[in-house]
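Per TrEMBL, the features are as follows:
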- 1-20: signal peptide (SIGNAL)
- 38-55: transmembrane segment (TRANSMEM)
- 62-87: transmembrane segment (TRANSMEM)
- 93-120: transmembrane segment (TRANSMEM)
- 132-152: transmembrane segment (TRANSMEM)
- 192-214: transmembrane segment (TRANSMEM)
- 235-253: transmembrane segment (TRANSMEM)
- 281-301: transmembrane segment (TRANSMEM)
- 308-325: transmembrane segment (TRANSMEM)
- 331-353: transmembrane segment (TRANSMEM)
- 365-385: transmembrane segment (TRANSMEM)
- 397-417: transmembrane segment (TRANSMEM)
- 423-459: region 'Disordered' (REGION)
- 423-435: compositional bias 'Basic and acidic residues' (COMPBIAS)
- 445-459: compositional bias 'Acidic residues' (COMPBIAS)
- 472-491: region 'Disordered' (REGION)
- 477-491: compositional bias 'Low complexity' (COMPBIAS)
Amino acid sequence: MLRWFTTLMLFASFLGLGLSVAIVGPTLQDLATNVNRNISSLSFIFVGRAFGYLSGSVIGGLLVYVMNYFLLLGISMLATTVGLYLVPFCKTAVLLTVMMCVFGTSIGVLDTGGNVLILALWGDKGAPHMQALHFCFALGAFLAPLLAKLALGPTASAENCTESDFHHPALNRSSEADSEALFGVPNDTNLLWAYAIIGTYMFLVSVILFGLFFKNSSKQEKTTASAQTSRRAKYHNALLCLLFLFFFFYVGAEVTYGSYVFSFATTHAGMKENEAAGLNSIFWGTFAVCRGLAIFFATCLQPGTMIVLSNIGSLTSSLFLVLFDKNPFCLWIATAVYGASMATTFPSGISWIEQYTTIHGKSAAFFVIGAALGEMAIPAVIGILQGKYPDLPVVLYTSLGASIATGVLFPVLYKLATSPLDHQRKENRKSEDQKALLSRSGLNEYEEENEEEEAEKWNEMDFEMIETDDTMRHSIIETSGSSSTEPTAEI
């Protein structure tokens with residue numbers, strides 16, 4: 001029951017993680033207005049958050065060895081809560097960037113620790129739980145825009161936003177704005193409520209995790225230690241390096257397409273803004289739905305099979321996107337297939353590698369860093385290239401190139417992972433043959449022992465017959481001796 005309850009708490013944590021990460025996008029204009037900046041000059045807050053995420057992944061990978069899982073996740077969620085509460089009160093861009101860096105560090109620790117803990121709890125049987133964990137993240141990312149804009153309503157800053165706000169390097173700031181304090185109450189109450197609701201949710205989950213630490217820390221350690229069996233592949237380090245590259249290309253392509261598909265559809269494909277928004281929504285919608293369905297698929301399909309199907313789907317759909325880049329019908333269908341294909345790759349990759357080599361904190365942090373680098377580097381490079389070559393669909397070329405890279409890397413990963421297993425199977429076969437030979441020799445010995453026992457029984461019967469014959473002879477002699485002494489008429 002402790003293992004199941006811990007798993008549910010991890011699901012709740014990753015739901016909050018998805019809410020925390022995705023809430024920045026729909027409230028970006030509100031944050032820019034709050035610090036008296038435009039969106040283009042405020043985009044470096046994503047760089048700060050990505051840098052913090054990298055640092056948090058490294059820190060989380062090291063701390064899982066020296067800290068209790070519940071304590072580590074509880075502290076990271078509490079730090080995330082503090083960051084969510086303070087972000088709406090930041091009145092300068094520098095302070096907001098620093099806060100985003102701290103915020104990224106806490107979610108990096110939470111991401112790494114959650115993946116390691118779900119593997120420690122379930123081991124080889126953790127594929128459905130891993131899919132469910134990342135589905136909760138996708139569900140939180142899907143609910144964040146609804147919470148920010150639909151439930152709380154549009155803000156005044158969003159309604160008054162013009163195109164010039166995105167291109168001018170800075171807004172006209174008065175001397176009073178320059179002399180403002182670092183912290184202050186935001187003018188928009190909806191911005192405050194959006195971050196406060198998510199922060200309160202994260203705080204409640206962190207309280208439960210701290211309660212589990214104080215009451216069941218020893219049981220948790222015993223559970224995780226008994227649930228996970230240690231194994232190490234022959235090419236362990238090579239597998240981690242290739243998986244680093246695999247997640248680098250995969251996550252980079254996923255974030256790049258999700259971030260730039262709207263601008264691509266409006267500038268290159270000639271779609272209207274509402275149609276481009278629908279194209280962006282169908283990508284993330286099919287992404288979230290397929291992550292939910294993958295929970296059930298993982299019970300009947302191996303993680304390697306799901307990765308192969310995802311690679312085939314992403315390669316096919318990205319090829320159609322490149323070939324028919326201005327056909328609206330093909331763009332809709334291929335985008336839906338591409339989002340569905342990208343959904344299961346990351347959790348399936350973690351579950352797949354766990355079948356061949358044990359993933360500890362440092363190993364998990366290593367490929368999470370690869371994913372974070374892809375999320376930070378590839379969209380930045382594509383943004384620069386798209387500005388230099390506006391007539392080319394650079395975003396679609398990136399998706400196709402990443403699909404080819406992951407399609408080539410996975411067979412190499414599979415070959416390295418299974419080659420030591422074949423050697424072990426040969427040794428197992430040899431040991432089975434030896435056992436069979438020993439069992440046969442044991443049968444022969446058993447038959448010989450039976451023959452000896454039967455011979456001994458026959459010998460004993462012979463001795464008994466000899467003894468009975470001797471007794472009969474002695475009795476006859478005695479009777480004959482006694483009868484000869486008695487005078488009878490017949491004699």
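Placed from the backbone N, Cα and C atoms, the Cβ positions cover glycine too.
A TrEMBL annotation is a machine prediction, not a hand-curated record.
The structure displayed is predicted, hence computed values, not measured ones.
Taking pairs at least six residues apart, the transmembrane segment (235-253) and the transmembrane segment (132-152) share fewer than three Cβ pairs below 8 Å and do not count as touching. Here the transmembrane segment (192-214) touches the transmembrane segment (62-87). Their Cβ atoms form 3 or more pairs under 8 Å, with each pair 6 or more residues apart. Sequence-distant neighbours of the transmembrane segment (132-152) (same chain, 6+ residues past either end, Cβ-Cβ under 8 Å): 10-12, 14-23, 25-27, 114-115, 118, 158, 190, 193-194, 197-198, 284-285, 287-288, 291-292, 294-295, 343, 346-347.
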